[in-house]
Ligand SMILES: NC(=O)c1ccc[n+]([C@@H]2O[C@H](COP(=O)([O-])OP(=O)(O)OC[C@H]3O[C@@H](n4cnc5c(N)ncnc54)[C@H](OP(=O)(O)O)[C@@H]3O)[C@@H](O)[C@H]2O)c1
Ligand SMILES: NC(=O)c1ccc[n+]([C@@H]2O[C@H](COP(=O)([O-])OP(=O)(O)OC[C@H]3O[C@@H](n4cnc5c(N)ncnc54)[C@H](OP(=O)(O)O)[C@@H]3O)[C@@H](O)[C@H]2O)c1
């Protein structure tokens with residue numbers, strides 16, 4: 001047996017992800033040692049409650065409530081507690097003491113990433129966070145390293161498993177939004193408080209992380225345009241299906257041209273949108289995640305896999321841990337983060353995309369002409385129109401008009417919809433959905 | 001403008017990939033410099049023919065036929081000539097002189113990888129080769145780094161675009177094999193000499209590279225079991241389609257248990273196989289590539305994108321180039337390759353998979369019982385049976401029997417088929433295809 005030096009690994013948290021990370025570390029100790037060239041010694045596991053019963057059995061002496069002492073005596077610190085505090089303080093302590101840090105904490109990175117990366121750079125330590133976006137899927141390292149010599153134009157991800165599960169149930173099984181959410185809750189796809197997921201906050205946190213890696217720039221999470229899935233109806237999903245689309249909650253980070261300056265700018269946004277059933281993202285079912293990347297040279301790429309789960313997330317944590325450990329063994333400085341571009345962030349009004357507008361209109365001659373003229377006034381051009389004649393269900397004698405537009409500027413579309421809502425022949429604007437993907 | 005030091009980059013080859021790499025290097029020079037912290041100076045481009053007209057216009061003074069002098073004066077050498085010699089000699093020269101090397105040359109790595117990686121380790125230089133498998137798709141770095149703390153059980157890839165294009169035409173458009181190959185040739189998906197592609201040699205080269213990264217072990221390309229697509233008929237594809245499957249040429253590297261020793265062993269193989277239309281690999285169309293990975297903790301992952309093309313492949317080369325350059329700037333030793341496991345390679349007879357067997361049988365009572373008893377003798381259990389009665393097309397009065405088996409050992413299946421071929425009621429074994437994916 002080779003004699004290796006030991007690297008002391010501190011684990012902060014032993015919940016879904018932490019306990020699985022501890023298990024993998026202990027079970028694969030020999031294999032990891034030979035891959036790394038050093039033994040990864042689990043120095044301790046910080047928790048709140050020493051007497052909790054846990055999924056994975058670890059030697060009792062590993063647990064501690066004294067996270068600070070544990071951090072102080074470790075080479076690598078793995079933060080899997082979640083939340084802002086004390087996670088932030090512990091990471092700062094670890095980096096300051098020269099330890100490399102691994103975290104899966106998207107909420108913390110979205111809020112305080114700038115501060116933490118700057119600190120890591122200053123002290124020459126590394127902060128790894130592959131698990132923070134799309135759990136098991138290797139997406140951050142490919143964006144940072146594999147595509148480092150290319151120019152990424154767009155990242156479009158299904159990065160929240162809970163909402164994908166709900167939308168998929170509605171689409172493939174015809175469940176109502178309520179039934180789908182209930183099933184998601186029962187199967188553990190949804191938290192007791194689903195707000196973070198269904199309102200798109202979780203996806204917004206992830207899009208800030210994706211955008212900063214893809215465009216070498218910082219995006220404050222508060223600046224991300226965000227719509228959740230609570231407004232998505234079964235009717236919309238059915239209509240989308242009939243037209244060859246599926247509705248997915250998309251997290252999009254895109255390179256645009258600033259119309260004022262002509263220079264590069266970016267957009268970061270989260271909303272439910274139609275995508276064609278031919279698009280690779282359309283067959284991302286259940287709680288799976290996928291990130292679709294468009295780059296100048298590479299063309300279209302997709303990364304697909306489990307977007308949540310204790311053991312799946314632990315896989316990504318372990319990958320970071322091995323990278324950190326190899327660096328310790330090889331020696332030499334870490335690679336600095338380089339968010340050097342500082343591109344301006346444009347509001348959602350500046351994006352260009354296609355739209356599906358569903359209107360309830362009077363069933364009388366000339367309606368289409370009237371509606372079309374409103375679109376024309378705002379420079380929005382029509383790609384296709386579907387008009388249904390009133391049937392038994394339309395007791396009020398109104399017809400449904402579905403308009404698919406060509407690419408238009410969001411601001412022009414918003415103005416169009418505003419005007420459509422008040423012209424006489426339109427009884428109601430039932431739905432406006434963006435269409436994404438080629 | 002920041003003052004950077006220069007890193008001298010030698011390019012060997014200015015064909016499809018080389019010329020696009022040169023273009024990206026020159027066009028994105030400033031952006032790359034700020035990402036790397038050093039300017040990547042294109043020191044020269046070695047070619048055979050100085051007066052050839054090329055797709056991308058570069059300053060004439062960059063071209064040289066003296067590759068050796070160019071290598072001698074460079075920090076990083078990018079080999080995009082292809083072939084075994086002189087590529088091998090040049091890479092050896094470059095590594096020996098302390099330069100990092102980037103290559104897309106799967107043929108060379110499959111034949112001489114062991115020698116080249118050992119040399120790189122010895123001299124402390126790095127050999128990068130992301131572009132050698134699945135071109136633009138970041139797959140090697142995720143296998144090596146992101147999944148380094150996990151245990152990969154299986155890698156299953158569509159890694160040859162030409163054959164995927166042909167099979168896809170046959171499946172989706174009902175083209176004959178000849179028509180599909182003709183279209184592939186016209187569209188540049190197939191080389192004038194298609195042997196490397198259609199006989200599975202190219203995929204076999206790639207599976208050795210995938211297996212060595214996934215299992216930290218070396219696999220000689222000569223040991224890869226290999227069947228190409230030349231035996232795949234439109235009838236088989238149609239029958240597969242009816243049964244809910246699609247036929248894809250799969251490159252598979254799998255962790256198995258050695259039946260003799262009970263220890264880990266691996267299988268590396270290339271063959272056309274049925275996969276369910278629900279499987280993520282089933283919707284990889286045209287010349288696209290995808291690699292499906294199953295790992296113990298991460299579960300199922302898929303990496304999808306362009307598997308060929310000059311500019312797409314150049315994207316992966318550029319990613320490696322930036323990694324190499326960042327390492328030069330940061331200083332410190334490179335990370336050693338670690339093919340430490342040296343797992344035994346099992347023959348194809350040792351694998352376990354499912355099968356579809358198509359037989360032409362006499363249309364008489366008791367045939368199914370007779371056939372089933374042959375399977376039972378060899379321990380192969382039947383999952384489903386489809387027997388068609390003879391119709392107008394069956395002038396000889398034979399019926400078709402399609403048997404889907406449960407998972408069976410390949411050796412048992414082979415013995416079964418051998419016996420089936422000689423029993424009286426079986427007129428012919430029309431087709432035996434493996435079924436892969438869950
Ligand atoms: N679960 C997933 O699928 C998933 C996927 C991707 C990313 N993540 C991220 O991974 C992180 C961990 O998630 P999780 O699901 O594993 O969380 P969890 O199950 O809630 O576990 C949290 C753990 O941290 C410990 N902890 C919390 N506050 C602490 C404190 N002040 N001092 C010491 N220990 C403390 C808890 O101790 P006690 O057990 O004693 O209460 C518990 O063991 C989060 O940032 C999450 O966003 C999770
Ligand atoms: N093309 C793809 O889609 C693709 C995808 C993945 C990987 N790859 C790999 O990338 C590598 C390059 O492929 P490619 O398609 O770019 O090849 P290519 O178009 O045939 O270009 C080869 C280049 O190398 C030069 N060259 C050949 N032998 C030379 C020698 N002895 N000395 C100096 N220069 C020499 C040629 O010079 P002249 O121009 O003067 O003849 C030419 O510029 C190969 O290993 C290939 O397997 C290619």
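Each residue, glycine too, has its Cβ placed from N, Cα and C.
Where the annotation comes from TrEMBL, it is an automatic prediction and has not been curated.
Copied from TrEMBL, the annotated features are:
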ACT_SITE  A:206  active site, proton donor
BINDING   A:12, A:13, A:14, A:15, A:16, A:17, A:18, A:19  NADP(+) binding site
BINDING   A:106  NADPH binding site
BINDING   A:191  L-homoserine binding site
DOMAIN    A:356-437  domain 'ACT'
| note | Neighbouring CB atoms within 10 angstroms of the CB of residue A:15 (NADP(+) binding site), all protein chains considered, total 15
| field | Rounded Cα-Cα span from residue A:191 (L-homoserine binding site) to residue A:15 (NADP(+) binding site), Å | value | 15
| note | Secondary structure split (DSSP) over the domain 'ACT' (A:356-437) reads 22 helix, 35 strand, 25 coil
| message | What does the structure give for the C-alpha distance between residue A:18 (NADP(+) binding site) and residue A:106 (NADPH binding site)? Integer Å is fine. | response | 15
| request: Give the subset of the recorded positions A:19, A:191, A:206 lying near ligand 1, defined as CB under 6 A from any of its atoms. | output: none
| So which other residues, same chain and not among A:12, A:13, A:14, A:15, A:16, A:17, A:18, A:19, have a Cβ within 8 Å of the centroid of the Cβ atoms at the NADP(+) site? | A:11, A:20, A:21, A:22, A:45, A:80, A:81, A:310
| note | Here the Cα-Cα span from the residue listed as 'L-homoserine binding site' to residue A:13 (NADP(+) binding site), rounded to a whole number of angstrom, reaches 19
| Fewest other CB within 10 angstroms, which one of the recorded positions A:106, A:206? | A:106
| request: Count the other Cβ atoms sitting within 10 Å of the Cβ of residue A:16 (NADP(+) binding site), across every protein chain shown. | output: 19
| query | Can you give the mean pLDDT for the domain 'ACT' (A:356-437), rounded to a whole number? | reply | 90
| query | DSSP on residue A:18 (NADP(+) binding site), three-state: which is it? | reply | helix
| query | Rounded to the nearest angstrom, how far is the Cα of residue A:106 (NADPH binding site) from the Cα of residue A:14 (NADP(+) binding site)? | reply | 17
| said: On a C-alpha basis, identify the one among A:16, A:17, A:19, A:106 that is nearest to the residue listed as 'active site, proton donor'; the candidates are the binding-site residues. | reply: A:106
| note | Across every protein chain in view, the count of C-beta atoms other than its own within 10 A of the C-beta of residue A:14 (NADP(+) binding site) is 25
